[in-house]
Amino acid sequence: MSQLLEPSAETIKAERLYREMGLTDDEFALAEKIVGRPLNFTETGLFSVMWSEHCSYKNSKVLLKKFPTDGENVLQGPGEGAGIIDIKDEQAVVFKIESHNHPSAIEPYQGAATGVGGILRDVFSMGARPVALLNSLRFGELESKKVKYLFEEVVAGIAGYGNCVGVPTVGGEVQFDPCYESNPLVNAMCVGLIDHKDIQKGQAKGVGNTVMYVGASTGRDGIHGATFASEELSEDSDAKRPAVQVGDPFMEKLLLEACLEVVQSDALIGIQDMGAAGLVSSSAEMASKAGSGIEMNLDLVPQREAGMTPYEMMLSESQERMLLVVEKGREHEIKATFERWNLHAVEVGVVTDDRRLRLTHKGEIVADVPVDALAEDAPVYHKPSKVPAYFDAFQQQAPYIPEITEANETLLKLLAQPTIASKEWVYEQYDYMVQTNTVVEPGSDAAVIRIRGTNKALAMTTDCNSRYLYVDPEMGGKIAIAEAARNLVCSGAKPLGVTDCLNYGNPEKPEIFWQLEKSTDGLSEACRELGTPVIGGNVSLYNERSGGAVYPTPVIGMVGLVEDVAHITTQSFKNAGDLIYVIGETKAEFGGSELQKMLVGELSGKAPEIDLAVEKSRQQQLLSAIKQGLVQSAHDVAEGGLAVSLAEKMMECPFGAEVSLSLSAAELFAESQSRFIVTVKPSDQQRFENTVLDAVVVGAVTESRKLTIRNENGNAVIDLCQDELVKAWKGAIPCLLKSKA
């Protein structure tokens with residue numbers, strides 16, 4: 001074995017150095033048992049990253065099995081770089097969401113930027129051209145210097161990378177709550193398009209075929225990044241800044257174009273991104289999936305730092321790198337393409353038939369372990385689960401019913417809450433028009449991207465109200481799926497499938513594991529009912545510090561198909577005189593609501609209820625009406641209730657609304673589920689009402705640029721001009737950022 005100046009196998013075991021790498025005593029013993037001998041330093045490192053939660057899902061795998069992953073249009077489910085769904089005409093959509101939470105907490109610009117880079121590579125490693133980026137962000141209250149710094153730097157990192165690489169950032173969401181103060185969540189999603197014939201797999205097939213390393217050189221950045229992402233943040237986390245990767249979007253652009261060129265060649269057998277766990281995960285996973293092995297000579301790996309050890313080379317998470325398997329004898333074809341793009345393309349190994357990962361360095365074997373042991377044999381845990389005391393208390397509480405005496409003031413204050421307020425400050429930093437396919441820009445219910453050369457378009461969104469999930473994880477899980485689907489339907493799209501990013505605290509705490517368990521129950525039930533299979537995703541646990549865990553935050557990335565661009569619908573009012581309809585009933589449901597947080601400062605009670613059969617029926621009826629051309633505008637009712645949703649429909653158009661509702665002032669802000677606000681031409685009234693059975697006409701669009709909401713007695717409960725609404729909504733975030741902490 002290696003003569004390098006590293007701890008011996010005896011020292012690793014005696015001093016339990018494996019613990020510093022993230023392995024438990026039992027896990028280290030199991031790894032040694034599988035290999036059949038003591039592990040050296042490099043081998044211990046390989047197991048530590050591959051058996052981390054980030055790579056192995058050892059604490060969540062038992063729950064992920066609940067998700068429906070099959071469907072008539074699913075071409076690739078979980079297990080590859082990204083999932084794929086057929087959209088007919090020999091085309092498919094490829095999409096995936098991933099987290100970069102821990103890196104963004106200590107180095108927000110690079111943490112966010114490399115999160116974008118990694119998710120792009122996941123998509124183009126499948127052979128797809130990325131056409132859109134989205135993100136879902138969570139921060140503490142926008143008051144302290146620290147939170148403002150994290151917010152500004154994360155947004156700048158996303159913009160800096162996405163804008164340079166030439167992929168539009170078209171949508172997302174931002175939520176602000178105290179639980180994210182020290183634990184920001186940064187989830188990045190990418191959507192790509194592909195022809196069926198170009199679909200690639202990350203597999204190392206064909207004994208004797210060549211393993212090639214392409215892209216940027218390997219440095220010491222990101223070593224143990226996967227392990228770092230699998231532990232709680234602490235006061236010592238800043239010392240792990242080297243575990244944060246550094247991105248180069250211009251290198252990524254070259255790599256993207258070169259990879260999309262080589263996928264056209266049948267000399268390419270397999271391709272995978274070197275993401276979490278770098279060269280270890282890409283080589284072990286590609287070999288394991290193909291039932292093969294890989295032998296690599298680490299002397300051949302391009303290095304940008306002197307004296308790198310095998311341990312460092314294998315665990316580095318340097319960005320903009322891919323691992324390819326190429327047909328033996330045709331390496332020159334692949335090299336020629338990468339050289340034309342001024343990129344490394346180096347032969348570093350060969351595919352073997354012994355199902356082992358064998359690494360050599362300076363003429364010595366420095367690691368020799370079974371690939372399946374690394375990629376498949378991590379222990380799987382079903383952690384103890386315990387109902388949190390707060391949940392039992394919430395279930396016993398009388399419903400929270402606020403008293404609203406001044407509805408105008410309440411609406412303006414709600415519009416200025418950072419979670420509801422306009423995110424224009426965020427998305428104006430993104431180039432959302434690059435590639436010139438963006439039809440519906442950020443700010444509506446979902447972004448829409450046209451598919452060139454066809455009459456079709458893709459709608460996409462990210463959604464999760466984590467407050468509902470804290471109050472009731474199972475109900476909140478159902479709502480997260482339903483709201484994402486509602487946003488797509490409001491845009492004229494049929495929901496196709498889901499990619500999820502499950503962000504939670506420490507699963508070793510029974511109350512946290514219970515949250516994970518119950519929310520996955522809700523998510524899976526809703527996916528089955530609404531016909532949206534989960535085709536991939538990511539789990540990010542240990543999102544907590546001494547102050548406590550984040551709310552359960554399973555971010556839902558959902559993509560839908562607009563079958564005809566004529567069906568594209570947006571939220572803004574279109575014509576004066578159009579009838580305003582509310583679909584769905586309003587109940588006095590305020591548990592976990594924006595109003596409760598604003599008035600009380602904390603959450604309690606029961607989450608809004610949802611009937612998935614009713615949800616499905618309303619979505620189908622509304623989509624049918626949209627396809628018939630009966631709907632002028634559509635918007636789902638979410639945070640802040642009907643009053644906020646009506647105001648949002650006025651923000652970007654020269655119209656107002658006159659509405660009458662038989663609701664109390666408080667109920668105007670209730671967050672009951674399965675509701676929509678749509679507008680319809682008077683001439684289409686009968687056909688619309690025959691199609692959408694739950695729709696009730698409540699008023700009309702006016703030219704007055706005022707929002708007037710009357711009660712059943714005809715008295716104006718809300719009466720505000722557009723300028724007041726826009727000022728509160730658009731000015732909130734810039735104003736908070738300028739204020740002194």
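One is the number of the first residue shown, and numbering goes on along the chain from there.
From the backbone N, Cα and C atoms, a Cβ is placed for every residue, glycine too.
Look at Swiss-Prot and you will find His54 tagged as active site. Summarising the annotation, Swiss-Prot assigns active site, proton acceptor to His100 and lists sequence analysis as the type of evidence. Residues or ranges marked as ATP binding site in Swiss-Prot (evidence: sequence analysis): Tyr57, Lys96, Asp500, Gly537. Residues or ranges marked as Mg(2+) 1 binding site by Swiss-Prot: Glu98, Asn538. Positions annotated as substrate binding site by Swiss-Prot, on the basis of sequence analysis: Ser99, His100, Asn101, His102, Arg121, Gln245, Glu317, Ser318, Gln319, Ser540. Taken from Swiss-Prot, the feature Mg(2+) 2 binding site covers Asp122, Asp273, and the record attributes it to sequence analysis.
Taking the mean position of the Cβ atoms of Tyr57, Lys96, Asp500, Gly537 as the ATP site, the remaining same-chain residues with a Cβ inside 8 Å of that point are Leu64, Pro78, Ile97, Glu98, Thr499, Cys501, Leu502, Val534, Gly536, Asn538, Val539. Nearest neighbour of Asp122 (Mg(2+) 2 binding site) by Cα distance, taken over the binding-site residues Lys96, Glu98, Asn101, Glu317: Lys96. Note on Asp122 (Mg(2+) 2 binding site): other Cβ atoms within 10 Å of its Cβ, all shown chains, come to 29. Geometry remark: Asp500 (ATP binding site) versus Asn538 (Mg(2+) 1 binding site), CA distance 6 Å.
Note: the Cα of Arg121 (substrate binding site) and the Cα of Asp273 (Mg(2+) 2 binding site) are spaced 6 Å from each other. In sequence order, Pro78, Lys96, Ile97, Glu98, Val498, Thr499, Asp500, Cys501, Leu502, Gly557 constitute the residues six or more apart from Gly537 (ATP binding site) in its chain with CB-CB distances below 8 Å. In this structure, the C-alpha atom of Asp273 (Mg(2+) 2 binding site) lies 19 angstrom from that of Tyr57 (ATP binding site).
Binding of ATP is attributed in the record to Tyr57, Lys96, Asp500, Gly537, and the widest Cα separation among these residues amounts to 17 Å. Residue pair Asn101 (substrate binding site) / the residue listed as 'active site' shows a Cα separation of 12 Å.
A coil conformation is recorded for Glu317 (substrate binding site) in the three-state DSSP classification, outside any helix or strand.
Less than 8 angstroms from the CB of Tyr57 (ATP binding site) sit Leu64, Val539, each of them six or more residues away in the same chain.
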